[in-house]
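Visitor: I am attaching a structure below and will ask some questions about it afterwards.
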Amino acid sequence: ASRLRLAGLCFLLQILTIILFAVFVRYSPESSSGRRVAACPRCLQTHPSASALPGFQHVHLQALLGFGLLVVFLGRYGPGSGAISILVVAFAIQWAVLIQGFLYFFLNGKIHVGAQSMVSADFCTAAVLISTGALLGRVNPVQTLLLTLLGVTLFSINEYILLSLMGISDSGGCLTIHTFGAYFGLIVSRILHQPHTDKRKEQQDTGHQPDVFAVLGTIYLWIFWPSFASATTVHNNAEPWAVLNTYFSLAASTLAAFVLSPVLYEESTLRMVQIQDATLAGAAVMGMAGEMLVTPFGALIAGFLAGLIPPLGFRFLTPVLRSRLKIQDTCGVHNVHGLPGILGALLGTLLTALATADAYGGRLELVFPLVAQGSRTATDQALCQLCALPVTLLLASLGGCLTG
């Protein structure tokens, strides 16, 4: 019966998307006419002369390989988790193209898709994969598809409110991807809490070779995350701040894991999964501030602080979430994505308040267009950036309750 439900749901969802694609989706004419039809703030930041295809390829590899390998660590659910990740990616991209298309790429009754709209869809997919990490091993494929259906929709609404209505800068998805994805999944996990599962040891069984997958996943994170963080940032002759800041943050967060983990745990050898968590945290903290003037030493400081969060969180905070708040967080997304995302949002707010035309030069119009146009002061923009955090938490909480 469960196999038939999954087959039936996949069939219905695929037929639905095929019909909607046939009616609404067309390839973007901008490549032939030079005319830009996209209204997505992520896409408008990209320089018109730059090709979006390499960025799309890197982001897609990151979603499939980086996030896909990170969930294949439970002994009982490992192979199935990898398959479910591919299922989530396959459906989320299709559904995100439609939902985001109606919000951003809708012109003359049609949705115009191109490489940039696919990058935006992959960003949405990454948020859903983060959410499923909190529920790994406790939801079946049918429930995961329903989670993806609602998660993509809620992600797109949150992104539209933050980027289009509030006009914030969040090119790397600090709030829209990491924070929203983490807390959306955590609230769903709380609603689905089952007391008897706390006693099931097989959920904590990490299999015989968990570090092999952690090694591969971490390598892919190091290779592709700088491209992921900079896929929708400024592409011109200027220095790639988002790439450099992300690399500096990754390096410092990795060292933070080596500093703190041996102190908190009795193991003589640092496990690869701890380096993986620190790497993710270092990437998450640069999601908003990556394209801003963090400066190299600032990126190192932010990455180091973010790298301290996972070992401290797993040691002290996760037991409290499990025992007091009844939140079962299988992959620890709260420590790896949620808290670093909040830290990154606060860092981005601070840097926004300090933004000046002298420091940014021609970048100011691309990073903070409303400030460059005179519609807002830097202080007003920073206040909007700060207000985006509770808005994201609210939408993630309400959406998580509904989905759960």
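Cβ from N, Cα, C; glycine included.
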Visitor: Tell me which of 59-77, 382-400 corresponds to the transmembrane segment entry in TrEMBL.
Guide: 59-77
Visitor: For the transmembrane segment (6-27) against the transmembrane segment (297-317), do we get 3 or more Cβ-Cβ pairs below 8 Å once near-sequence pairs (under 6 apart) are dropped?
Guide: no
Visitor: Restricting attention to the domain 'Ammonium transporter AmtB-like' (56-403), give the mean pLDDT.
Guide: 87
Visitor: Under 8 Å between C-beta atoms and at least six residues away from its ends: which parts of the chain pack against the transmembrane segment (246-265)?
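Guide: Hits for the transmembrane segment (246-265): 172, 221-222, 225-226, 229-230, 271, 274-275, 277-279, 281-283, 285-286, 290, 296, 299-308, 310-312, 315.
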